[in-house]
């Protein structure tokens, strides 16, 4: 009989900070240079070399901390994590242990069951290792130290993600956050954003966590979901056949869609952390923190609250715009100059504009439509010059030509007929031409009203102002 | 506190040092003389004392995020016993 | 010439009675002549470096043209820097230590590199891959360590000045045993950049020379902030001013009667007492102070220093530089083990294992953290003491230079550092100056100053040396 299991996942995300130089040396941190060409004497761990911390790395880490509303300590400290590996030149990694720069915080994610808050245990600064290249030679592993010493923040979540999908949603939320803050270039191929997933299973409803396996080095949203799902399946099979899960490090093989045990890092697991004696403690002053707070763009959470309060957007609409950097900026720019109501703007943006983007598979920032032109279209709608239906048509034109809404409306004669005399004339003629339908309406068939609206629209090719049309029709039909 | 042979083997493994059986015995003995000597620190009452990780009574200085290093590739690779034109080389590592 | 002070040598140089090249050659010849007897130097230069001489010609510093020897712990660009280890026997650094660069910029002329205990781990200079150093006062005895080569070289006047480093006493103890003057400034005064690390929170570069005045002149040139070293003090460096008279009127000197009591060698005890009497005779006031936690210093130190060393020496893996085993290796771990086993001497391996143990899980808090708490207690003890006195005067070593091979076990050697370690743990400036020798062997007195205040100990030693001539005595065999 198959048992029911709860899945528990915690993620450790490594975010490469978008810096010019390394965390502890003045060597370039740029990706893609020729092997070992960006290695300082410190990065190669020549005897006597000493680390000096990059100020921007501290500030970026603080910015991330502020953005997740984290506890920021007054004093932070670097520690040595000791292990031997050929791409770790010093024989230890400078990281943080007891006093990380970012303490407990939280972030909102979107799940299938709605929004959820995920707690973040901590985030700390550390240096990356170099690269071991195993396929260059048959008998050798080749070492490139360009990456050694580049700055990372490691973001550690609480084990409170309960499915592969949630893990991906959380990873996306962190990804969006660090790219939004501009502290990470977000380049997944170059390893700027990588993740280790701790996966464990426990009997449904049980309190105690099961033994976990750690899947290392996942650098795509697709792979992480597949890897976790594979791992869940693997552990389930083990447990249901009465075997146990071994606490170990595993690698995901995307080609085979499998995880496999990693032997290399097994034997030495006692990292012997201790405070790095080359680096005194760092005092995070209120002044430094205030400066970073000021340098921060408005966060999605704050935008969301402001949209609801200031502009009375529906919560769903506000969330959808606030959490999309490009959309929020477009929305705010257009709203600053249009006479249209914010709620109208939001509706049109989320449904009609989005549909257009989806249709073309494009991003907002790549379109020819400027926020100014878009605001013009909103104005035309607000003043009744065009209907929403026509507005969509105009938007399509704007997409291809990049022209202003006003120009398109004028050139193509798309303006609504709001001249009441002209409309009255048209309506009078239609009533005269359709005596039977008039009689039916008068006999109580209310549906006939829509027939007349349809006739007016047909005759005006949809340009009749619907509100005025309705008013005039009501007046003339009921007026004998 | 004394270190037994099994522990010593683990320590040597962590430190990547090799010990043959004869050395293990000898090193064990000499290390235990030292651990006996350092044992006394445990007697001090330090309940109210914070560790002093550093004699510096100043905070950590920081540097600007500026690239100050040119490439040292040839210089560095020339120091290595095993290297080609681009890489340091080590016996094959199996992950 | 070889008994002239740096100021006197400077006179000869500025008045062109001698050129930097000629002065350098005098000492270089002595190095060649006497080093086979002493083994104080690992490397003696074939010729003086043209670049050094050029800078010496241009420099306005009082040190321009003065020869020196660097402890082999300091990286010297283009010159092998081995830390007296097989691991680095053929390592040629591509850069200079900051201290080396500063002294070169001042115009000092390098003669070679001094022998030492491997990676500065030792108190007798017997733990060198390049063999033990002989004490110039008695060749069968040790010069002390770890800066034994620097001390022996100055004592035998193979150089007027040598750089050295002190982690738990490595300047003071060999200075005392060789009858010269040596100072370790406050932690953070002199840059550690390019100095091969033993225990980073304790290591400090310093100077050995004949007199306190000479030490002051060189220390002034080598200290000062270095933005390559995060533990380097930002404060303005002081200018060394030699006292013109011996009066110590108003100086409060802290003494620890208990430490003098602990001296089992009555001759050393008498010599120490006599030196304190000299201070009093010049107007100093002796005040008894106490360092109640100092008896735990050696134990704390032999946890902290090896712990830091175990990490500092992990970079020596045979991959990027340094010794790599020529034996066939099964895999990378095999290569690490063979290379490190062949590359490191026994004492270094012992300390690496000791440090690895102290940091390993289950022991970290009880040993490493506890040792750091004791460090704070000792540091507080000193603060208390310095609220009452300007300077402390205590023994350096409980014994005179001992016979080579006399001490075979680690612990008895470690215990001999009991008087030097407390100031190291607290990061305080301290020095050793020669006092009345006993049985033909030198003895030192240790002066300790409050944090940052090197001047008070240097000027007290300089005043002492105005009325004594122990520092000018030298072993006759090397005249």
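Even glycines carry a Cβ here, placed using N, Cα and C.
What TrEMBL says about this one:
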DOMAIN    C:26-458  domain 'Amidase'
ACT_SITE  C:71  active site, charge relay system
ACT_SITE  C:146  active site, charge relay system
ACT_SITE  C:170  active site, acyl-ester intermediate
Residue C:146 (active site, charge relay system), number of other Cβ atoms within 10 Å: 35
Segment confidence, the domain 'Amidase' (C:26-458), expressed as mean pLDDT: 97
Neighbour tally for residue C:170 (active site, acyl-ester intermediate), based on other Cβ positions within 10 Å of its Cβ: 37
Whole-number Å value for how far the residue listed as 'active site, acyl-ester intermediate' lies from residue C:71 (active site, charge relay system) (Cα to Cα): 11
Euclidean distance between Cα atoms of residue C:146 (active site, charge relay system) and the residue listed as 'active site, acyl-ester intermediate', Å: 5
Cβ atoms near residue C:71 (active site, charge relay system) (within 10 Å, other residues, all chains): 33
DSSP-derived class (H/G/I helix, E/B strand, else coil) of the residue listed as 'active site, acyl-ester intermediate': coil
In three-state DSSP terms, the structure that residue C:71 (active site, charge relay system) belongs to: strand
